Amino acid sequence: MRLSSLFTSFVYLGIASATLLNLQSSASIAKKLINGNQFDYIIVGGGTTGLTLARRLSDDPKVKVLVLEAGQSGVGNPTVTVPEKSFSFIATGIDWLYSTSPQVHANNLEINLSQGKVLGGDSAVNGLVWSRPFKTDWDDFENMGNPGWNWKNLYTAARKSEKVNIPQAQFAREYGYKVNPASHGTSGPVQASFPPFIPPQHLKFINASIELGHEFNTDPYAGDNVGVWFGLSSQTSQNSRETSEFAYFDPVLNRQNLIVCSYAFVTKLNLSDASRGLVQSTGVQIRFPDGSVVTAKPNKSGEVIMTAGSVRTPQLLELSGIGNKSILQKHKIPVKVDLPGVGENYEDHTLTILTYKLKPGYLSFDALGYNSTLAAEAPTKITFTQGVLNFAPAQSILSAADMQTAKKLLQTKPPSTPQQSFNLIKNKVFSGVPQAEYILFNSFSGGPVKEPNTSYISMAVTHLHPLSRGSIHINTTSIDDHPIINPNVLESDWDSWFLAKATAYGRKFFETEAFKEIFEPAEVFPGLQTQTQADWEDFITKNVNIGYHSVGTASLMPRNKNGVVDTNLKVYGTSNIRVADVSVMPLLVSAHTQTTAYAIAERAAQLIQSS
């Protein structure tokens, strides 16, 4: 049982004896506590980075830390704790229920962008993939004009968050698991483990990759993630999901200087003038479940730290008066800081899906609905998410003639792409940095018809460094109305051309001898009638999806390059507001964003404590 299920909240002489306050059930206690105290740090958002920061900042017993999370705890919720239930949170009470605006370059698709509305944020609902990017990706944060934000420092921060469980000898022998302890953390809060069971289709994926000429990478976490490899998952040695709530918060649940509020809906930051022409936050407005509003106040030297994510962080900044003045004036919001970069530079990984049937005798998650034996074994046998990953540079996917076409396409910068970003991404394409990820989803995940009593596998094909940029901006002055979320997918001709090429290449895995052993030859989705580049681009346009890796809307860049935060994560034009979530990432990376989120939070804690 998780520790937080054992505690209730009390206040005695203004001091909390336990740090978790549920504002639904403990509203009066929470109001007394918030009204009766001022805080050194008010953290807006109890997600992946928010709870990481809360733990690290509250290590100093002299400071008071308050965390405000709109969602509930994930304790005891199998949708959170059970790995194979990844993404089953969609359209539930722990989903923010976001979707994009119609995508004008993608057949006007409105694409789902569900995010975790729960303590732990997306670490509580994601696919558990634990991957690190190619070294160049983190170095390019520094190359965007951010001294200190490089591979060396982020790698150190990432390992501080991590505790890798060395695979048991029996699994190492059976599957060939390998881990280089020097490339990992061994005493951090977040457990990362290899799954205790890998089905044949995932093992065959390794064989198919090697058959196509991809190397097997035994140490993909030290800055070179090229090739096919066994991926760690953010799960414990007991095969339970690891989240920032469980890893960072639960162990310090009775820490008297840390208060975490669930069901705490932040609606606005109060701002006033400060010295040197800056503004400061004098409070954070919290709406309780009963509709009442209470203001949490920082002390004289206190700070407000935004960790609300790439959607809500820019939304709250704009509603508070920080953003592009033309947008704020349109909604009659007083302009406190004219900061045009807020909500801009938005991007997400784009992806497509190929679906195939497994031959009789081979099972996927689909079989849980029709195979009673597998369903009974599920607690011990179906405990993984994606056990094998393949990160491929353009040179592994494209022919020599295709590479010449790539050079021509990359001579022209798309309108939405900053020049420096364009130059860095172009360099990645031609220097061997992974551009596509291939990963198997162990179920039917795309296609028109799912047949009963049939097991499927879907391959997700992801473009890791798209050029197109979009935006996230308020649509009304109400926090209850979702902002306009426009990733602007496929604006760039390069993006649609390369994703089509990468998806067509994905079919080659299923044509290998290794995959022919276990898959039916007929492609379920999109189907073998899709053949030409024009066919694939049409398929992409009508079926593109995004990877739930939204970044960039409060970018870590110089202000004159449309940045929002400086190298200390301080919001330009403010004296006591920082952002410390993945919205500060100026570029996407060749990895799922979870490990980068933890690295950002760990580095943020170091910067804040030393400032």
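Just so it is clear, glycine is given a Cβ too, placed from its N, Cα and C backbone atoms.
Whatever TrEMBL says is automated annotation, not expert-curated.
Listed in sequence order, Asp348, His349, Val582, Leu588, His592, Thr593 are the same-chain residues at least 6 apart in sequence whose CB falls under 8 Å from the CB of His549 (active site, proton donor). The active site, proton donor annotation in TrEMBL covers His549.
Within 10 Å of the Cβ of His592 (active site, proton acceptor) there are 27 other Cβ atoms, across all protein chains. Sequence annotations record features per position, and here TrEMBL assigns active site, proton acceptor to His592.
For Thr48, Thr49, Val118, Asn126, Gly127, Leu128, Val129, Val266, the entry in TrEMBL reads FAD binding site.
Summarising the annotation, TrEMBL assigns domain 'Glucose-methanol-choline oxidoreductase N-terminal' to 309-323. Taking Cβ pairs closer than 8 Å, the domain 'Glucose-methanol-choline oxidoreductase N-terminal' (309-323) reaches residues 44-45, 47, 96, 98, 113, 115, 121-122, 266-271, 279, 281, 333-340, 342-343, 346, 472-474, 477, 479, 482-483, 485, 550-554, 564, 571, 573-574, 577, 579, 581-583 in its own chain, all 6 or more past its ends.
Under the heading signal peptide, TrEMBL lists 1-18.
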Overall pLDDT of the domain 'Glucose-methanol-choline oxidoreductase N-terminal' (309-323), taken as the mean: 98
Binding-site residues listed as Val118, Leu128, Val129, Val266, least Cβ neighbours within 10 Å: Val129
Max CA-CA distance, Å, over listed FAD-binding residues Thr48, Thr49, Val118, Asn126, Gly127, Leu128, Val129, Val266: 30
